[in-house]
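Copied from TrEMBL, the annotated features are:
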TRANSMEM  B:29-52  transmembrane segment
TRANSMEM  B:58-81  transmembrane segment
TRANSMEM  B:88-107  transmembrane segment
TRANSMEM  B:113-137  transmembrane segment
TRANSMEM  B:187-212  transmembrane segment
TRANSMEM  B:233-252  transmembrane segment
TRANSMEM  B:264-282  transmembrane segment
TRANSMEM  B:289-306  transmembrane segment
TRANSMEM  B:312-335  transmembrane segment
Amino acid sequence: MELFHNHGTRSMRTRRILGVAALTASIALVATGCAGGGSDSGSTSGSGGGGDQTITFIPKQLNNPYTDVVLGGGEEGAKAAGFASSQVVGPLDASASSQVSFINAETQAGTNVIVIAANDPDAVCSSLEEARTGGAKIVAFDSDTNPDCRDVFISQVVAKDVALIQTKLISEQIGGSGEIAILSATANATNQNEWIKFMEEDLKANYPDIKLVATVYGDDDDTKSFQEAQGLLQAHPNLKGIISPTTVGIAATARYLSTSDYKGKVALTGLGLPNEMRPFVKDDTVKAFALWDPAQLGYVAAFAGKALADGTITGEVGDKFDAGDLGEKEVTDGGIVIVGPPTTFTKDNIDDYDF
Amino acid sequence: MSETVTAPPPTGTISALAPKKRSRAARLLLGRDAIMIYALLVFVLYACISIPRFASPVTVGFLLLDVIPVLLIAMPMTLVIITGEIDLSVASIAGLTSALMGVLWQAGLDMPLVLAISVAAGVVAGAFNGFLIAVVGLPSLAVTIGTLALFRGLALVVIGDNAVANFPPDLTAFFTSKIGGTGIPTVMIGVLIVMVFFGVLLHFTPFGRGLYALGYSKEAARFVGIKVARSKFWLYVATGSVSALAGVYWTLRYSSARSDNASGLELAVIAAVLLGGVSIFGGKGSIPGVIAGVLLIGTINYALRLGRVSDVVLIIVTGTLLILSVVTPSIFASVRRWQHDRQVRNSLPQVTTSGSTRAEHPAH
């Protein structure tokens with residue numbers, strides 16, 4: 001019996017001692033470790049400001065085919081412009097606030113140029129302000145932030161041109177009259193809503209016989225967009241055309257149409273990636289759609305960032321900077337830099353493009 | 001704890017066989033909470049050493065600003081899960097609050113009134129959950145899956161696809177301001193009050209003790225005089241109210257009121273609560289453990305982001321961690337049971353000559 005007692009108390013005592021030891025050790029280690037780390041970080045951030053400039057791209061979300069092309073151009077541009085390192089970080093979901101912690105991390109990392117496609121023009125503002133206070137230059141691309149929180153905005157095309165080419169394409173395809181619907185990305189996306197606004201105005205002014213019966217949101221999610229397309233056709237039996245000004249939406253809708261009875265009867269146009277849309281153009285589900293070369297967007301954004309970081313431009317109207325292979329670009333009203341006009345893709349020219 | 005219960009100690013012999021007769025101090029230092037705190041400390045240490053720029057007051061500020069919504073909602077959620085229930089509608093309540101704030105502010109109401117109405121909406125939303133679960137007696141999982149969609153839908157009805165961003169700059173600046181040079185956000189004071197409130201409520205009041213009893217067995221809890229329905233009702237009012245506070249924080253921190261604010265937050269909260277050692281089956285868990293769990297997930301996320309590790313890796317890490325945290329204790333428990341059984345078996349030949357002790361052992 002005595003044996004058991006001894007055994008019990010001994011294990012209890014060793015455990016207690018172990019526990020105290022573990023706690024003291026961990027506290028001591030954290031205290032010393034952090035102190036050491038602190039002095040380290042002081043010295044690196046001090047030297048970082050000198051020669052090597054860094055650039056970080058923050059897209060709306062990762063793993064989006066369109067974004068990947070834009071970022072590919074961005075990385076190429078960053079290399080050509082002479083940045084020491086370029087990074088891509090970003091959230092997995094395109095929600096309003098998800099980008100903020102990435103901006104904060106970049107602020108802390110002392111990045112010189114942050115290139116961002118904002119999920120919400122205002123939600124990212126205060127953290128971008130903080131980054132600017134820390135000395136970073138902010139370039140918005142693809143989807144603008146509140147103009148107060150960035151230095152320049154790189155827009156591929158004038159928003160109105162993007163809208164007008166889509167209304168023109170749908171009108172051509174449905175013969176100028178009938179019901180159409182819009183399948184957009186998220187309900188709050190800055191660029192989407194601007195295009196939709198221009199499309200509504202243009203339809204009212206120039207295409208009185210075309211009636212916009214619904215605007216639905218696929219949240220740039222393939223499955224959701226597919227279901228929304230399905231829902232549109234069920235809810236509106238007289239629907240003659242769909243405009244999807246987003247690459248995810250148009251691909252999902254095309255996939256639905258190509259396997260349904262509506263193939264060839266309901267027209268589809270919008271903004272799509274040639275590589276994703278090629279099979280649907282070849283099988284006549286889609287006659288024509290539009291887009292710009294997204295890689296150029298990232299490319300120009302990188303050069304704009306370089307010019308800002310070097311101090312050669314400040315983002316004032318009329319500032320000009322060299323954008324490598326794409327020649328000289330100028331900052332226009334509202335701090336916007338326009339890259340080029342949209343291209344229309346059809347069966348005849350789609351094989352000339354690879355992105 | 002459960003092992004000691006299975007071995008009633010009438011004599012010294014039997015109680016010595018019980019594997020875990022630890023002193024109070026040992027229990028505190030080796031318990032589930034303590035392990036979470038060690039894990040947090042070890043990770044902070046690791047991040048300080050290996051991730052450049054992690055060790056600075058800036059980290060404290062950004063990190064806490066990021067985890068505050070989860071930290072807030074995790075407090076009442078801990079209590080709810082300890083009673084063996086769940087509330088999945090918390091993020092939607094926060095979204096609804098945010099949407100309401102936007103619309104009311106745009107309509108020109110005064111800020112204090114806007115805040116009061118928005119928080120009141122959260123209380124009502126929580127009471128609605130509480131009514132269906134505690135009074136009508138529906139299962140909480142089903143009810144809150146329903147209200148998860150319902151409240152998010154209401155948020156969309158309230159504000160549509162608009163976003164309201166023109167909140168007073170003084171107020172939004174206050175929500176991101178820090179206390180002096182410490183890097184600690186000013187709003188942490190409020191969060192601390194919420195943490196202390198729920199900590200005291202759970203660990204130092206009869207109501208809190210009753211919640212553990214409720215988690216183990218509702219019938220038993222009722223027989224010992226715990227007001228089951230009333231306790232549950234007030235817990236859902238609490239999750240609703242605190243979610244509304246988180247919604248207010250979210251709106252003003254990002255100065256953007258939208259219907260999709262805080263979406264998906266409920267899973268982050270529940271993951272952190274479970275990681276913090278709360279049993280999903282109810283009856284087990286503590287506030288300090290949950291705080292450590294929330295901070296651990298937050299720190300890992302922040303450190304990996306600072307180290308520019310892709311978010312794809314990040315969610316894999318968080319998921320794995322959660323599974324480990326659930327699996328590890330049960331592995332430990334079965335190892336301990338196995339050791340205990342062996343100990344009992346080894347001791348048998350010495351004492352079973354009389355046969356009297358053998359009769360007591362089947363209880364193990």
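Cβ coordinates are placed from backbone N, Cα and C, and glycine is handled just like the others.
Values in this document were obtained by computation on a predicted structure and should not be read as measured data.
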By a Cβ-Cβ criterion of under 8 Å, what residues six or more beyond either terminus of the transmembrane segment (B:233-252) are in contact with it? 68-69, 72-73, 75-77, 79-80, 83, 85, 87, 89-91, 93-98, 101-102, 115, 118-119, 121-131, 133-135, 167, 171-172, 174-175, 187, 190, 194, 198, 211, 261-262, 265
Is the transmembrane segment (B:312-335) in contact with the transmembrane segment (B:187-212), using three or more Cβ pairs under 8 angstroms as the rule and ignoring pairs under 6 apart in sequence? no
Quick one: do the transmembrane segment (B:58-81) and the transmembrane segment (B:289-306) reach 3+ CB pairs under 8 Å, ignoring pairs fewer than 6 apart in sequence? yes
Within the same chain, the residues 6 or more beyond the ends of the transmembrane segment (B:264-282) and with Cβ under 8 Å of it are 32-33, 35-36, 69-70, 73-74, 77-78, 81-92, 94, 148, 214-216, 246, 289-294, 296-297, 318, 321-322, 325-326, 329
Counting only residues at least 6 beyond its ends, the same-chain positions whose CB falls under 8 A of a CB in the transmembrane segment (B:29-52) are 22, 275-277, 286, 288-289, 292-293, 295-296, 299-300, 303, 306-307, 329
Surrounding residues of the transmembrane segment (B:113-137) on its own chain - C-beta under 8 Å, 6+ positions past either end: 85, 87, 89, 93-94, 96-97, 100-101, 104-105, 143-144, 147, 151, 228-245, 247-248
Can you tell me which parts of the same chain pack against the transmembrane segment (B:312-335), counting only residues 6+ beyond its ends and a CB-CB cutoff under 8 A? 32, 271, 274-275, 277, 293, 296-297, 300-301, 304-305
